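A.B. asks: Per Swiss-Prot, the feature transmembrane segment maps to 21-43; the stated evidence is sequence analysis. Here Swiss-Prot flags 61-162 as domain 'Rieske', drawing on sequence analysis. Residues or ranges marked as [2Fe-2S] cluster binding site in Swiss-Prot (evidence: sequence analysis): CYS108, HIS110, CYS126, HIS129. The disulfide bond annotation in Swiss-Prot covers CYS113-CYS128.
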Amino acid sequence: MAQFSESADVPDMGRRQFMNLLTFGTVTGVALGALYPVVKYFIPPASGGAGGGTTAKDELGNDVSLSKFLENRNAGDRALVQGLKGDPTYIVVENKQAIKDYGINAICTHLGCVVPWNVAENKFKCPCHGSQYDETGKVVRGPAPLSLALAHANTVDDKIILSPWTETDFRTGDAPWWA
């Protein structure tokens, strides 16, 4: 009987080593497959709009149309939409045909409560600890340490687009703390 000599070119892989490699590959594939939705959940989707903007959404998750948004609103009205990072954001009506060029993030800078607009007093009043903000979102009474964050509000194809505000805060003259 002839002896088969091993060549130096062919690696010697035993049955145990092959099964270990196969098991490792299978477990790795399953783990990566299970990890994909978790990673996708924490990375926000890139939305439409110029300059990295996000299309404003209504309470049902539908895009907000400017013409429908302005139908039943008057100058000075503020209405909540879902804005950047999913945060509630106030859109301010300028007149029957236009909105202001900024939106106001409705998250209180004290403890993160949603701050409602008080029409009677013409200011935002936090229900959690009494912080107050003027009509532009500038803090006028604590304990909130900072003004409400701003976002640019524009329209593209009748859709309201919100984009990050990175310029000087027009209310305080300071660099934006949220950028």
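Quick reminder: no glycine exception, Cβ is built from N, Cα and C everywhere.
Can you tell me where each of these features sits in the structure?
C.D. replies: Just so you know, the Cβ of CYS126 ([2Fe-2S] cluster binding site) picks up 25 other Cβ atoms within 10 Å once every protein chain is counted.
Around the Cβ of CYS128 (disulfide bond), 14 further Cβ atoms fall within 10 Å across all displayed protein chains. In the three-state DSSP scheme, CYS128 (disulfide bond) is classed as coil.
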A.B. asks: If you count the other Cβ atoms within 10 Å of each Cβ, which of the binding-site residues HIS110, HIS129 comes out on top?
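C.D. replies: When each Cβ's neighbours within 10 Å are tallied, HIS110 leads.
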A.B. asks: Which is it, of CYS108, CYS113: the one of these recorded positions whose Cβ has the most other Cβ atoms within 10 Å?
C.D. replies: CYS108
A.B. asks: From the Cα of CYS128 (disulfide bond) across to the Cα of HIS110 ([2Fe-2S] cluster binding site), what is the distance in angstrom?
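C.D. replies: Rounded to the nearest whole number, the Cα-Cα distance is 9 Å.
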